[in-house]
Amino acid sequence: MLLIGGLEPPASRTARGLDELQLGGAAGNVVANRVSENALWSVLVIEAGLSNLGILDEQVPALAGALFAPTSPYTWKYNTVPQPGANNRVPGFPRGKMLGGSTGINEMWYTRGSADDFNRFAKVSGDPGWGWDAMMPYFFKNEKWSPPADNHDTRGQFNPKFHSTKGMNPVSLPGYAWPIFPLVIKTTKQLPNDFPFIEDYNGGNPIGLAWTQTTIGGGMRSSSASSYLAERFINRRNLDVLVNTQVTRVLPAKSRTEGSPIHINRVEFSQDFKALHTVTASKEVILSTGSLSTPQILLQSGIGNSTTLKRIGITPLVDLPSVGQNMTEQRLVSNSWFANTTLSYETYNLNATQLNINLGEWNKTKTGPLVSSSSAHVAFLRLPNNSSILRDFKDPAAGPNTPHIELEFTAGIGLETPIPAGGGHFLSIQAAVVSSASRGSVTLNETDPSPWNLPVIDPKIFAEPFDLQAMAYALKRMLLFLSAPAWEGYVMQPLGSLSTALNSGSDTAMEAYIRESVLCNQHPVGTASMSPRGALWGVVDPDLLLKKARGIRVIDASVMPFVISGHTMAPTYAFAERGSDLIKATWP
């Protein structure tokens, strides 16, 4: 969270003027940096988690999996409620709990989505400034295109005209070559109509198979903390950061002029889960805690559905029934096979001696297998125009150049897939529905709505039949991909229940496999959705100011009305860059 303007700090801090209060998260660090460029404005960032400094797993790209493991101290331990569409399982939902938010724990994929996605944002919000062409300068302001760690020839692997070399976050192509890379490219030549190779998925039309781009520079992860709060920025005299400090509520001003909108200018927080402190902003409070925490803080503050809040004992402050609703999340099924190779992610993951050798190389030269993930290619695909799925169900995609599904190809075992007792080497393909029709919610625990309790997360997996049908199509595309001659002799038997489903060959067996395997793709949006000014739905106006109030904005992925057709980090950065300009325009 971020505060702009008058400070009432705990006794350990020195009172001084404060303009902006920034409340945590990845986007918040962007705003803190951009607003504090003006030396006359003072900014305080409040982060619930740890500092990002000195965490080896956060710095080494290939060790990302340890960051969101169940025992990791760097994540919020979110789970969903039981999901009927997933056989009543309770999928995990780890989110970053460190300076940098989820940009410090994720797989670092840099995907912008389609031009259709952003043009739909512009249409739905009534603000052309959220359209693709208008947002491109903000993508460029964020991105610093960088050479891969191995400095290989990247011609034909990306299109330079779609990228900036002058931004904040390094973005690069894979810096280590795994044996599956040429097999993937060979498949695009053997099945060109089904998996056409495209040079760059970040040019507005991502449909096809391309090399992945990730926020890695010089063999190291780049997060919103390592970039926007780098030493030269965090040492600004007008920028302060509190870590291990949890925000509980945002509060109205102590006095109010009758008939005027509620002015929210204070934040309540704790550093020990007991004593509560408040801090005040003279200009704005910026809530950037992400699509799960942002609605929780708003609801705890009395901002939401007034009827529901009264029922659970919270005094209503602003009646906004859309808070926590419209949660949109993608679905993912991870599929793994034994692979006929001696070089995969397991080469070092299952061998401590080899891992130490690779860490030594990384420490010395920032090269080797740890400089990137074991995924280097992704296919974004659409259902055929004559598909019975599109005939039977409304198309949730933003437009004709927007994919429905995604296939990620990995030289290693898949997500949440147990390694067999005998070990081995593996190939996995993660299949995701990136244009989802289902809508879920984030609400408070009505039995005990304490701010120390985690929110109730219900993504409603497969609540809409389109999502299940699209996932089934994705798995059929996956099997077609592996049927190419390129994979002969490399792909061995499938792991776990995938083997049972494939041996059966029936649609019923495949649906059962999907339901028992589906996960959340960790890209939630929409829980504080923007809508046109004057609209009776939504949480923020197109300028990201909270409706029916003043003094507070929401700047994070929760304001996106729809999930983009890719990974949400790059759009969140761009939203934060534009949000920063909106703040500056308000306070020239």
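Backbone N, Cα and C define each Cβ position, glycine as well.
Nobody curates TrEMBL annotations by hand; they come from automatic prediction.
Look at TrEMBL and you will find HIS523 tagged as active site, proton donor. A 10 Å cutoff on Cβ-Cβ distances gives HIS523 (active site, proton donor) a total of 26 other Cβ atoms nearby, all chains included. HIS523 (active site, proton donor) carries neither a helix nor a strand DSSP state and counts as coil.
For HIS567, the entry in TrEMBL reads active site, proton acceptor. Sequence-distant neighbours of HIS567 (active site, proton acceptor) (same chain, 6+ apart, CB under 8 A from its CB) are ASN106, GLU107, TRP109, TYR110, THR111, HIS523.
Residues or ranges marked as FAD binding site in TrEMBL: VAL247. According to its DSSP assignment, VAL247 (FAD binding site) is in a strand.
Non-local neighbours of the domain 'Glucose-methanol-choline oxidoreductase N-terminal' (96-119) in the same chain are 24-29, 47-52, 55, 58, 61, 64, 67-68, 72-76, 130-132, 135, 139, 143, 169, 171, 201-202, 204-206, 212-216, 221-226, 229, 241, 243, 290, 373, 375, 378, 397-403, 522, 562, 564-567, 569-571, 574; each lies 6+ residues outside the stretch with a CB under 8 Å from one of its CB atoms. For 96-119 (among others), the entry in TrEMBL reads domain 'Glucose-methanol-choline oxidoreductase N-terminal'.
Residues or ranges marked as domain 'Glucose-methanol-choline oxidoreductase N-terminal' by TrEMBL: 290-304 (among others). Long-range neighbours of the domain 'Glucose-methanol-choline oxidoreductase N-terminal' (290-304) within the same chain, counting only residues 6 or more positions beyond its ends whose Cβ lies under 8 Å from a Cβ of the stretch, are 23-26, 48, 76, 78, 93, 95, 101-102, 247-251, 264, 314-321, 323-324, 327, 442-444, 449, 451, 455, 457, 524-528, 539, 546, 549, 554, 556-558.
DSSP assigns HIS567 (active site, proton acceptor) to coil in the three-state reduction, placing it in neither a helix nor a strand. In this model, the domain 'Glucose-methanol-choline oxidoreductase N-terminal' (96-119) carries an average pLDDT of 98.
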